[in-house]
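Annotated features in Swiss-Prot:
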type	residues	note
SITE	9	site 'Discriminates between blocked and unblocked aminoacyl-tRNA'
BINDING	14, 64, 66, 112	tRNA binding site
ACT_SITE	19	active site, proton acceptor
SITE	91	site 'Stabilizes the basic form of H active site to accept a proton'
């Protein structure tokens, strides 16, 4: 089984905000595969589907961003998901809007959702797909990540989400993560 985790904050007030990029990636993947049967389990909304016979679990933690690991670890244990079979989609302020980058491991880079997952799984060695949201120029980081994309950013962001979805679909069938990184980075 593969597990795709999208990071975000629950609540209507966070819909379409930059920090909900991971949720938007998972939602777009679900939409593409006609998945609308999310249910609540272990502080998360989950749904599953199959790709080439492989079961894939979509996960959207219902904890706030900073406590995402509390939802992820129990699901990994319950479904017996190996770290190599999990990937996390999330926003990255250090990349231009819509740019994606895949990584196999690394620090949290200041992202509190990733920091929480690292703390709960006990390692930095897990797959990630980051989608660029750019860095604030005038506003505070908190106001920026909890804000919505500017009109001129929307097209680039939507392209980034589509590229992240394509990378996640490929990830479900490609065993060599380095090949995937070469294709998308």
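Each position is counted from 1, following the chain as shown.
In case you wondered, yes, glycine gets a Cβ from its N, Cα and C as well.
Because the structure is a prediction, the values reported are computed rather than measured.
Here the features listed in Swiss-Prot are painted onto the structure.
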residue	record	DSSP class
9	site 'Discriminates between blocked and unblocked aminoacyl-tRNA'	coil
14	tRNA binding site	helix
19	active site, proton acceptor	helix
64	tRNA binding site	coil
91	site 'Stabilizes the basic form of H active site to accept a proton'	strand
112	tRNA binding site	helix
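Within 10 Å (C-alpha to C-alpha) of residue 9 (site 'Discriminates between blocked and unblocked aminoacyl-tRNA') lie the following recorded positions from 66, 91, 112: 66. Of all the recorded positions given, namely 14, 19, 64, 66, 112, those whose Cα is no farther than the 10 Å limit from the Cα of residue 91 (site 'Stabilizes the basic form of H active site to accept a proton') are 19.
Excluding 14, 64, 66, 112, which define the tRNA site, the same chain contributes 9, 19, 63, 65, 67, 68, 113 within 8 Å (Cβ to the Cβ centroid), listed in sequence order. A gap of 11 Å separates the Cα atoms of residue 19 (active site, proton acceptor) and residue 66 (tRNA binding site).
If you draw a 10 Å sphere around the CB of residue 112 (tRNA binding site), it holds 15 other CB atoms from the protein chains shown. With all protein chains in the displayed structure included, the most crowded Cβ environment within 10 Å among the recorded positions 9, 66 is that of 9. Within its own chain, residue 64 (tRNA binding site) has 9, 10 as residues 6 or more apart in sequence whose C-beta sits under 8 angstroms from its own.
Whole-number maximum of the Cα to Cα distances across the tRNA-binding residues 14, 64, 66, 112: 16 angstrom.
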